[in-house]
2 protein chains.
Amino acid sequence: MGFDLGSAMMKLGVLSSSDDDLPHAITLFVALLCFSNLIGHLVQHNPWLNRPIICSLIGLLAGGVILLKSKGESSRLLEFNEELFFIYLLPPIIFNAGFQVKKKQFFRNFMTIVSFGAIGTLISFVVISLGALLLFKKLDVGFLDMKDYLALGAIFSATDSVCILQVLRQDETPLLHSLVFGEGVVNDATSIVLFNAIQRFDLSHVNSAIALKFIGNFTYLFVTSTCLGILVGLLSAYIIRKLYFGRHSTDREVALMALLAYLSYMMAELFYLSGILTVFFCGIVMSHYTWHNITENSRVTTKHLFATLSECSEDFIFVYVGMDALDIEKWSFVRSPWTSLGVSLVLFSLVLIGRAAFVFPISFLSNWAKKAQSDKVELKQQATIWWAGLMRGAVSVALAYNQFAKSGHTSRPGNAIMITSTITVVLFSTVVLGLVTKPLVRLLLPPLIRFNSQLSSEPSSPKSITLPLLVNGQDPPEAGGGITNIVRPASLHHPVHRYWRTFDDSYMRPVFGGRGFVPVVPSSPTETNDQPQ
Amino acid sequence: MGFDLGSAMMKLGVLSSSDDDLPHAITLFVALLCFSNLIGHLVQHNPWLNRPIICSLIGLLAGGVILLKSKGESSRLLEFNEELFFIYLLPPIIFNAGFQVKKKQFFRNFMTIVSFGAIGTLISFVVISLGALLLFKKLDVGFLDMKDYLALGAIFSATDSVCILQVLRQDETPLLHSLVFGEGVVNDATSIVLFNAIQRFDLSHVNSAIALKFIGNFTYLFVTSTCLGILVGLLSAYIIRKLYFGRHSTDREVALMALLAYLSYMMAELFYLSGILTVFFCGIVMSHYTWHNITENSRVTTKHLFATLSECSEDFIFVYVGMDALDIEKWSFVRSPWTSLGVSLVLFSLVLIGRAAFVFPISFLSNWAKKAQSDKVELKQQATIWWAGLMRGAVSVALAYNQFAKSGHTSRPGNAIMITSTITVVLFSTVVLGLVTKPLVRLLLPPLIRFNSQLSSEPSSPKSITLPLLVNGQDPPEAGGGITNIVRPASLHHPVHRYWRTFDDSYMRPVFGGRGFVPVVPSSPTETNDQPQ
């Protein structure tokens, strides 16, 4: 019968009839993720390293080993796949960001965030496209048409919200974190709208009507995506409040929340909206209402489940990008590696200039519009915002593949150079900028500022009322249900926020639940301690 | 610029360059899962319905709607894909089963379980293959060769462990649950070994040497798969104990456990072992050691995370199989639906006979070998075991597709009939048997027996020591770490178990941790209650 190899192949045939490499690739990636997790744990208190750096390096290393083992023929097991990225990896990361974001901080700076994300991205896009058009003529990069230059602008305007989350800690620098990360979410949407616009661009007809149409389209996309996310979030809160609550069906609650969140993303994509914006706002609404309607155990589970999923997706992306950097196939189409490095340098300089061209002006305008001293963005903070948003990540890689490697192959030298340069810029910004940003933040923002921010990021205790000048605006103590008599912190001086609170307490929370509006159903003490059985 | 449809198509292009239907399919399936979850919640106290039935019906309904909307051309969005099933859906289900199984009950009946799963499956295989060979000649089924008949035997010997979990509740009938479910796990491995053997079968050379080789191969597969699972489980316990414990890095712990469990499954598949057995034992070891080394919050999270993942996978499988049943393409190749129904009837009768042919004899032998009255399996319990294991599920469908629809298409009428008949048998057994089994268990096992079993399934309280005759053997109270002074229940009379306990306490737990061997690190009271931030 001979069970050794033949049967083995059969067995494998049962598993993967379509792609024989898939089980190998999955095994390798899962093993690398375990490894990244371990190393990440061991160096977690290192002042320089962070998880994106470690994962990229592990990916690079694994790519190198495969390259050596295959004798220089191949360095990857999985081709970079936009579908994998946009359908499976991105949604949990963005949802978790919305679920864990400090809501008050975020909404307080809403206008600044949208300006950064929308107008800023446009400015950066124009700077990078024009710069590439002017400078690439001097380098021997092969043929690129007008669309390619515009696409480059869009690709390199996409900041990396995943990496930002790693470098600026919400609990250390809440104002900066909310500004830079919020910008990243809006920026994702803008870049994708821009990119799609370019792919359909008719260069012979640029006029004001088209510009207006673009603005109209962006506004439509922004509003409808946000509304869809809010609607799905409210739906989850309503269903769980009406049907589930108090019955301790933890597994069903958790499944329903995760499924509905994912559904919101996929629905947005199907309706041609921005799934990123939708799932982000769905996360915000779920943490504001739904999370308070579920059992104690479900709260612990969802909080950690979403964070874990998000971490794993992030790690996966960085390992993936790192491994992709050594793809020998693409490099072999590049006429000279030095040209590619030159292109990378030019592109990265343009990214630096493009970002400076909007961070400082918009911060100036934003400061001018705000009255409270504590809300203003100081010059040092502006520099940090400029610096922290320089990182480019998987969104850029995915868009670059989409523009320059439609079929997955890159036989035109111009296209190959653009892809290798994108990966170089992404890896450089992730690893090198990632290494210096943490120490830089510590240098630029002196201990006092960091201390103040830190204070305000903690759930406001009575202390924060005695220190009203330091309060930067943060969420009230969000202890689980049961506190019906809520002490409003002193930061309630903002009128818009006060109106919202009144509306929330009078109309929204009675219907959708939320902190203080659901009876306390304590888990039985044994429930938490139970052995799984 | 016209952003409406064209841009929309572009947008979608970014998402799914390879398969335009994928986002639609995912959205539909996620929506159906939400819906199943809701309906499942609403009817959870219904004495007849269970989740597999609801999911199959929802799948059938959705298939019907798609069939009507496409005007009879197509009833599915996703083709049944073995890869999806074996790589993504099955591992979380089996892992969770191992993680939540009552270990003492399982190991107490280990020999009976292995006899049922290995010898029983072989008997059933012979009965079904011979029966089909004799009876199909009278039906006009198109050409089938000897291999096809043998494959049918393997396909219909695979019981559905997923469905069994739904019908027999661990807390109501622990002995039967552990027997039937344990059999299901071993049976899965046997069926797959059998099936692979058949695909390479040389019919001209059947002799005793081959039979011996088969037995040797099965033993090798069983032992190595089990050892791999145990090794990975112990590795996770050791890593977390040495590096993680006490640092409250909940998200990392949870990610590492999930990743290592999945890694064990994929490694087993790559080494041509039984991933099902491996991940099952990995789950058992993780719940025995690793689970006690992690923080309070991680315990709650893993318990519910694994259960939730498992539930979602199960629901997905049943929706999938239900939707697949109306696949018009396959039915159109079947010469007459009546022939297919006749074949289904024959196959199902053979399943009935094949199962009876081993359940009653093996139970008799097992009773004869056991001394304790409480361990013996009564006739009524035997009938329940026979009945509850009749359900056929997704493993059968996956194997049938592998044998009869290699390329996904089934133009030969004989092959088409086999696939439609398999789906008919699977749906019939899931829905109809599923409906009657719960009431039947109530009828066959009178209240006293059920009451006793119920008592013994609860974490043993001092009460269970006063009722030694009723104790059926169960896990000691597995409250989370902290109880260092463990009271051993009276059921410790089994010598093998006593030896194991001594060995475990002296050598294993000091190294790998486990209940009572890790210091208590209570979560701070606010941690559990915290708003996710």
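Glycine too: its Cβ is placed from the backbone N, Cα and C atoms.
Just so it is clear, the model here is predicted, and its values are computed rather than measured.
Residues or ranges marked as transmembrane segment in TrEMBL: B:22-40 (among others).
According to TrEMBL, the feature transmembrane segment maps to B:52-72 (among others). Outside the transmembrane segment (B:52-72) by six or more residues, the chain places 28, 32, 35-36, 39-40, 43, 162-163, 166, 314-315, 317-328, 427, 430-431, 434-435 with a CB less than 8 A from a CB of the stretch.
Marked as domain 'Cation/H+ exchanger transmembrane' by TrEMBL: B:52-442.
The transmembrane segment annotation in TrEMBL covers B:84-101 (among others).
Long-range contacts of the transmembrane segment (B:113-137) within the same chain: residues 106, 144, 149-150, 152-154, 156-157, 178-179, 182-187, 189-191, 194, 218, 222, 343, 346-347, 349-351, 353-355, 357-359, 362, 365-366, 385, each at least 6 residues beyond the stretch ends and with a Cβ under 8 Å from a Cβ of the stretch. Taken from TrEMBL, the feature transmembrane segment covers B:113-137 (among others).
Sequence annotations record features per position, and here TrEMBL assigns transmembrane segment to B:218-240 (among others).
Positions annotated as transmembrane segment by TrEMBL: B:260-286 (among others). Here the transmembrane segment (B:260-286) has Cβ contacts under 8 Å with residues 86-87, 90-91, 94-101, 103, 106, 185-186, 188-189, 192-193, 221-222, 224-226, 228-230, 232-237, 306 of the same chain, all six or more residues outside its ends.
Residues or ranges marked as transmembrane segment by TrEMBL: B:341-365 (among others). Sequence-distant contacts of the transmembrane segment (B:341-365), counting only residues of its own chain at least 6 positions beyond either end whose CB sits under 8 Å from a CB of the stretch, comprise 112, 115-116, 119-120, 123-128, 131-132, 135-136, 139, 141, 152, 156-157, 377, 382, 385-386, 389-390, 392, 417-418, 421-422, 424-425, 428-429.
Per TrEMBL, transmembrane segment is recorded for B:385-404 (among others).
Taken from TrEMBL, the feature transmembrane segment applies to B:416-436 (among others). Listed as Cβ neighbours of the transmembrane segment (B:416-436) (distance under 8 Å, sequence separation of 6 or more from its ends, same chain) are residues 48-50, 52-53, 56-57, 60, 141-142, 144, 148, 152, 155-156, 160, 163, 166-167, 318, 321-322, 324-325, 330-331, 333-335, 339-341, 343-344, 347-348, 351, 387, 390-394, 396-397, 400-401, 403-405, 410.
If one looks beyond the transmembrane segment (B:218-240) by at least 6 residues along the same chain, the residues whose Cβ comes under 8 Å of a Cβ in the stretch are 118, 186, 189-190, 193, 253, 256-257, 260-261, 263-264, 267-268, 271, 273-286, 288-290, 293-294, 511-514.
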